[in-house]
Amino acid sequence: MTGARFWQWPIWDLAFRPLFLLAAGGSVLSLAAWLALLNGWLDWRPALMSPVLWHIHEMVFAFALTVAVGFLLTAVQTWTQQRSLHGKPLVWLVLTWLLLRLLLWQPWWSGVGVMTLVLSLQLAWWCLVLVSFAKSLWRANNRRNAPLLLLLVLLASAHGLFLWAAVLSRQALALHVVHTVLLLFAVMIAIIAGRIIPLFTANGCRQLGMDITIRQWPWLDRLALISSLLVAVLFASQWWWPSTAVLASMLLVSAGLHGWRFSGWSFWRTANSALLWSLHLAYACLVLGYMALAFSLLSESLRWGLAMHLFTVGTIGLMILSMMCRVSLGHTGRPLRLPSGMVWALVALVLAMLARFLLPWFGWHLAGWNLSALLWCGAFLMFCWRYQGMLRKKDVAA
């Protein structure tokens, strides 16, 4: 970095570098603050929205969607061979993200001017992301990934609607929007996982000397993806036309299709590789999450919000941590071997999922919240510690 300008440092070479670190570190800070609020250790309240909606926003939008954007803006360069967002534009993307965190965390100003500023900055952030992603697809005439662009547009629109509802204290609408976003996120996971998990499993197992057979059925892949999209659409429509039985049925159908799809990926052969079993377990949690959501609609013994946490921690959280580990290694020219301690970080996140789902189900609500939050923080702190060096520095092959 000697003599290089700030925006020429290695960390600004591709979006995954700063966004993975910021999202992981931000999730730890926001979850620690949420834990302090729950236990009465902190006398603080964000000015622009309720603490509950602030917590949801930071974990879903500032964490999960930020990681997804970092991954997609990195992957699109590989898919299209077109240079993706880097340098000065990436610096502006990160600075906007940081300014939004400051505005949404501060407890002092809640006027119309601040709300307008937040909405304007978030719009600018999404415009930069969408234009960069779309430009790469357009230049390469890459139609295969156009559905991901459409998903990003839907998620960006929903983000704006959530912020609008949150600052106007329309909590019911904000919660409905964010649950729709999570179900749309499941569609994105299903698309990406269907491409990478079979490939990574086949390559990884062969490197370990195992001869395996991966079975994929293109028609089943399409049905599974359509079913996930229908789940999201049906849930969104519940705001106008409630139909619990139809939604529960679609959730069970989708769980069955994804379970069938998953059965062909030889998940039982991945126990010796944490980079593989974590991906498979995250996808299995997608199946279990759909089943749990359906059960919560059909029985009063399980709340929808609790079932959703099986999906958010088990599917989204574990898939994100596993993918961040792998992408960071592969895109910095390093061997696909986890740094010391990262296997335990993945195990901690699995335990966090179990604690967040099972303990509250049996009535130990605060214990479940505390234990799962501490395990989550430990897992992502370990990622920040073990990966910050490789994300800040040049590729080893450079």
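Keep in mind that glycine also has a Cβ here, set from the backbone N, Cα and C atoms.
Taken verbatim from TrEMBL:
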TRANSMEM  20-42  transmembrane segment
TRANSMEM  54-78  transmembrane segment
TRANSMEM  90-108  transmembrane segment
TRANSMEM  114-134  transmembrane segment
TRANSMEM  146-167  transmembrane segment
TRANSMEM  173-198  transmembrane segment
TRANSMEM  219-239  transmembrane segment
TRANSMEM  245-262  transmembrane segment
TRANSMEM  274-298  transmembrane segment
TRANSMEM  304-329  transmembrane segment
TRANSMEM  341-361  transmembrane segment
TRANSMEM  367-385  transmembrane segment
Cβ-based contact of the transmembrane segment (304-329) with the transmembrane segment (219-239), 3 or more pairs under 8 Å: no
Recorded stretch that, among 114-134, 274-298, 341-361, 367-385, has the most CB pairs under 8 Å to the transmembrane segment (20-42): 367-385
The transmembrane segment (114-134) touching the transmembrane segment (54-78) per 3+ Cβ pairs under 8 Å rule: yes
For the transmembrane segment (274-298), distant same-chain residues with Cβ under 8 A (at least six beyond the ends): 186, 189-190, 193, 196-197, 200-201, 204-205, 231, 244, 247-249, 251-252, 254-255, 258-259, 262, 265, 267, 304, 306-308, 310-311, 314-315, 318-319, 321-323, 325-326, 336, 338, 342-343, 346, 350, 353, 357
Close approaches to the transmembrane segment (146-167) from elsewhere in its chain (Cβ under 8 angstroms; 6 or more beyond its ends): 48-50, 53-54, 57, 61, 65, 69, 72, 115, 118-119, 122-123, 126, 129-130, 133-134, 137, 173-174, 177-178, 180-181, 184-185, 187-188, 191
In contact by Cβ distance (the transmembrane segment (173-198), the transmembrane segment (341-361); 3 or more pairs under 8 Å): no
Cβ contacts under 8 Å made by the transmembrane segment (114-134) with residues that lie 6+ beyond its boundaries: 47-48, 69, 72-73, 76, 84-85, 89, 92-93, 96-97, 99-100, 103-104, 148-149, 152-153, 156, 159-160, 163-164, 167
